[in-house]
Amino acid sequence: MSSKITKHGSSSMVRKITQLNSDLDQESENVSVGPATYTVHIPPTPDNQPMEIALERSNTRRVVDQEYASSSIFTGGFNQVRRPHFMETVAESDSSHPQMTETKGSSCAVPGCGGKLLADERGLDILYCDCGYKICRDCHIDALRTDEGICPGCKEPFKDSDMQDDSMSNHQARPLSHDDEVPRMERRTSLMKSGPLARSQTNEFDHTQWLFETKGSYGYGNAMWPKDSENDASSGSEWMGGDPNAFQDKQWKPLTRKLSISAAILSPYRLIIFIRLVVLGFFLTWRVQHPNDDAVWLWGMSVVCEIWFAFSWLLDQLPKLYPINRFADLDVLKEKFETPSPLNPTGKSDLPGMDIFVSTADPEKEPPLVTANTILSILAVDYPVEKLSCYVSDDGGALLTFEAMAEAASFANLWVPFCRKHDIEPRNPESYFSLKKDPYKNKVRSDFVRDRRLVKREYDEFKVRVNALPDSIRRRSDAYNAREEIKAMKLWREKGADEPMESMKISKATWMNDGTHWPGTWTTSAPEHSRGDHASIVQVMIKPPNDEPLAGTASDSTDIDLTEVDIRLPMLVYVSREKRPGYDHNKKAGAMNALVRASAIMSNGPFILNLDCDHYIYNSEALREGMCYMLDRGGESICYVQFPQRFEGIDPSDRYANHNTVFFDVNMRALDGLQGPVYVGTGCLFRRVALYGFDPPTVKEETGWFGRKNKKSSSVASVPEVGYSEDQSLRNGSTDDEEMNIALIPKGFGNSSLFFDSIRLAEYQGRPLADHESIKHGRPPGALVRPREPLVAATVAEAISVISCWFEDKTEWGDRVGWIYGSVTEDVVTGYRMHNRGWRSIYCVTKRDAFHGTAPINLTDRLHQVLRWATGSVEIFFSRNNAILASSKMMFLQRIAYLNVGIYPFTSIFLIVYCFVPALSLFTGKFIVQTLQITFLVYLLGITITLVLLAVLEVKWSGIDLEEWWRNEQFWLIGGTSAHLAAVLQGLLKVIAGIEISFTLTSKSGGDDENDEFADLYILKWTSLMIPPLTIMMMNVIAIAVAVSRTIYSTDNKWSSLLGGVFFSFWVLAHLYPFAKGLMGRRGRTPTIVYVWAGLISITISLLWVAISPPSGNSQIGGSFQFP
């Protein structure tokens, strides 16, 4: 595909637009056949100026606007004006990096000012006059107002009139751009104009609908490449010269490969599943046909439980029929996207942009140091710096998190270049300096030892500063509050004693480092400054980098040689959405949706990676591996790439199955062979347009259990949920349809035209390269190598608007767009909605773990974590997200997997009953069968052998250990008899009585023993979840003792019933062994109340049962005991 863009009259554009519609469709379908030429005539507009006009703009004006946007904290919200506050200092630490938001320029030369000058990308002062007089921005504004624009140095007028307009406009409460850009800024306003109104006023064609075809500097590059011609030089497109066919003439190489499991393992595995299913069918039939007349109630309980267990096993086993492995080729990715070619002579990266989301909510339970280390690992990741942006969502609005981020941004000035220079892995400083292996192995640079010692020393100081932030903020706030109280007292004395002193009450505010009030949550809650009531906050901590590498110089660092190292840093943004009483904040899902909108305004990366604050990037190339799947053939239909979760700090025995390897290496790998793995909440790379509720480019409809047929094929994504079809959503249709669609836009996405404009661009930039005939929805190579649009103050102000509490009113955010609301497990529901629209997902298992995180290793926190997951599953089962109601676009086995997600907590009801069956059997002397017949034993042996064989084969094709499989089985019973039962009860209460369920964050702090790495393992706090499994244990132990004693002293010995009951009781106790060990702790710190309640319940049940149904056989050795 090639495009030749020329500029003529307005009438030419109208005549060509109809042809362009059909041409774009034809191009999408036949892009591999050969290049087509399109001529688009566009009249000069503020967005489309000739090159000579664009060159007349002042570089100084643009730089100042960018610096002002990056050096100010923006606030606003409900009934509040969006305003920037210029920040001269953010953190107490000092950083000389040119991308830092803190002002690092020289001091202002105006007497009595003392302000700082803005600095450019190299850290040089921005000067407003050719004479070189150093004047800060505020003094420059004052000079424009009071001295008629006279420079205090040379006494001559400032020559940049555009700069005057810019300075004056940025000083207003809501910054706007200069006068010559007013038409362009109309699409950046918060309130969207309707189609009919816009046409009636201008009587011109709406060029914003074709923005991504015509504008080359919006976001990350342009949408089409021009061909060699005499106009190349004038249009600034000479870098794109060459024939696009040269790219397709190369031998095509796939970015990824699918590796099938060996048939020698998979075929027997499927055969044994079938055999076990048949054996279970015969066994259950035999059990139903052979009741135990002596204990019908015991027989009935056991048969019902066994039928449910068979059904539950089938739901869990069917999705495992098609496991696969995958492999990503990073060398091919580099060859296609970062290698010099005729279409990209400089070898600039053609990879799409990526926005990384880090979510945190409470700095007391999620230590700022942990979050800071996660941010540092992101900033140092191996991905094009200019294509990467990191957004941190602080849902608590805490100044502690804000200043910890500022400290992390300052330390990144040293840490990131150090990682790039010496290829450090992992790039989390805390994990790197805690490695127990030789840090100098395979390091060839002579200065590595000296550099490492310096960085280690700086990191230790960084940790001291971050850990001291709470005290620093408290002391600072106390000092400022004392000053305010003194001022209030002085004012009260000046007014006299007419009013009482109590009326002069001063709020205990939290103060920032520059001596101003923190706009977020205060330590002492106050109106508009509490966790549920504060303004929107956006602060660019690290400014967007230039597209050209920035090598270090001698002045950048006095100790580490960075002369050959790129010292640029990715953009880092602090975001705290607005919260107000009366508005539902929707917990983490609401915070994620706020980040989606803010990032779309500020960087608009086509792909989004979300991480929890305690999950850091362990493999610096993990993002590239994920992009291989997104950009490979067929990648346009992939909604997300899920990485497995790996955890640190787990005890060697993994007592409570915290690694969860059976789920991540067995279930998820098996789902990858179907429609894809489920979304698990973190470590997931999303396609942005999939989060917007669009359908995939090619939608398929199921015809039966396994077959599929094509439903429709479209060249672009569609949004049926928003109310308009694919042709209407991303392509221009008739005038009537277009007017109707514009009226429906606010319903789906909200009243921000700038956000809506970003959707088309994100969809286009996320397409794979059109370098193969089978790729029908691709983009040309070299389309994303141009720099993105500079970040200006008006853009950040618009980001404030889209994260306001009222923005989602009467929209489909949380319903059909973005993260889905209404469940404590919003991650599973969000992934389900995407699969239900026909999207596919990929499971990316990297050779080196992609991400590492932390998990609660103590019993109490682990049970509460499982309780939250199970409660979310119950909510899903009773909602419209039940897989039974899934659309025909979802594969049958994928539907079974999602059905199992909603049903598995209900197994706890039958599991608890079945765990009591052995004890009841021992108490009564009865058994679940009349006698231990050979048929029953053969069935039991067959079921056990097939279970063991399936476990062995799963271990073979998944790569897990047999011990890990057994730990998973143990905790399945522990969780099933405790947290899952509570989840069912809570879910029923919510559905029937409407009682909302609230969960607190799991604390990520360490144990009380600093010298023990696994001190948390022995922490045990009382929870009612412990009562059911503890009761089961004590009941079975008491039942074994009672049955053995009775059988020994009874003349009518029934050893077969005793052996059967004791065997099943020991089987239950073996599964509960980790639970019992956890109760013991390290120093016997189990709460006494646990034993009291469990003992009372066990004794009560035992006595009641013996009184109701006394054992048979009255003649006993030693007589009998009778109550007096």
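Placed from the backbone N, Cα and C atoms, the Cβ positions cover glycine too.
Residues or ranges marked as transmembrane segment in TrEMBL: 259-284 (among others). Counting same-chain residues at least six beyond the ends of the transmembrane segment (259-284), those with a Cβ under 8 angstroms from any Cβ of the stretch are 303, 306-307, 310, 313-314, 317, 320-321, 323-327, 939-940, 942-943, 946-947, 949-950, 953-954, 956-957.
A Cβ distance under 8 Å defines the sequence-distant neighbours of the transmembrane segment (296-315), meaning residues of its chain 6+ beyond its ends; these are 277, 280, 283-284, 287-288, 896, 899-900, 903-904, 907, 910-911, 913-914, 917, 920-921, 924, 926-929. Taken from TrEMBL, the feature transmembrane segment covers 296-315 (among others).
Annotation source TrEMBL lists UDP-alpha-D-glucose binding site at Ser359, Lys365, Glu366, Asp395, Lys587. For the recorded site, Ser359 (UDP-alpha-D-glucose binding site), the DSSP three-state label reads strand. Residue environment of Ser359 (UDP-alpha-D-glucose binding site) contains 21 other Cβ atoms, counted within 10 Å of its Cβ in all protein chains.
Long-range C-beta contacts of Asp395 (UDP-alpha-D-glucose binding site), restricted to its own chain and to partners at least six residues apart, with a cutoff below 8 Å, comprise Ser359, Thr360, Ala361, Ser576, Arg577, His585, Lys587, Lys588, Ala591. The feature active site is assigned by TrEMBL to Asp395 (among others).
If you draw a 10 Å sphere around the CB of Lys588 (Mn(2+) binding site), it holds 20 other CB atoms from the protein chains shown. Among the features that TrEMBL reports, Mn(2+) binding site is placed at Lys588, Asp612.
DSSP assigns Asp827 (active site) to a helix in the three-state reduction. The annotation active site is assigned in TrEMBL to Asp827 (among others).
Same-chain residues lying 6 or more positions outside the transmembrane segment (897-920) and placing a CB less than 8 Å from one of its CB atoms are 298, 301-302, 304-306, 308-309, 312, 315-316, 319, 667, 671, 674, 678, 828, 832, 835, 870-871, 873-874, 876-877, 881-884, 886, 890, 928, 973, 976-977, 980-981, 983-984, 987, 1028, 1032, 1035-1036, 1038-1039, 1061-1062, 1064-1065, 1067-1068, 1105. Look at TrEMBL and you will find 897-920 (among others) tagged as transmembrane segment.
Nonlocal intrachain contacts for the transmembrane segment (932-953), taken as residues 6+ away from its ends with a CB within less than 8 angstroms of a stretch CB, comprise 265, 268-269, 272-273, 275-276, 279-280, 282-283, 286, 317, 962, 965, 1056, 1059-1060. The transmembrane segment annotation in TrEMBL covers 932-953 (among others).
What TrEMBL lists as transmembrane segment is 1030-1049 (among others).
What TrEMBL lists as transmembrane segment is 1055-1076 (among others).
Summarising the annotation, TrEMBL assigns transmembrane segment to 1088-1108 (among others).
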TODO: Within 10 Å of the Cβ of Lys365 (UDP-alpha-D-glucose binding site), how many other Cβ atoms can you find? Include all protein chains, please.
DONE: 14
Task: Positions whose Cβ lies under 8 angstroms from the transmembrane segment (1055-1076), at least six residues beyond its ends - done: 655-656, 859, 915, 917-919, 921-922, 925-929, 931-932, 967, 969-974, 1029-1030, 1032-1033, 1036-1037, 1039-1040, 1043-1044, 1047
- [ ] Within 10 Å of the Cβ of Glu366 (UDP-alpha-D-glucose binding site), how many other Cβ atoms can you find? Include all protein chains, please.
- [x] 22
- [ ] For Asp612 (Mn(2+) binding site), write down the residues of its own chain that are at least 6 apart in sequence and whose Cβ falls under 8 Å from its Cβ; none is a fine answer.
- [x] Val358, Ser359, Gly681, Thr682, Gly853
Open item on the list: If you count, for each of the recorded positions Lys587, Asp827, the other Cβ atoms lying within 10 Å of its Cβ, which residue has the minimum?
Closed with: Lys587
Open item on the list: The record lists Ser359, Lys365, Glu366, Asp395, Lys587 as binding UDP-alpha-D-glucose. What's the largest Cα to Cα distance among them, in Å, rounded to a whole number?
Closed with: 16
Task: Reduced DSSP assignment, Asp612 (Mn(2+) binding site) - done: strand
Task: Inter-residue Cα distance where the pair is Glu366 (UDP-alpha-D-glucose binding site) and Asp827 (active site), in Å - done: 20
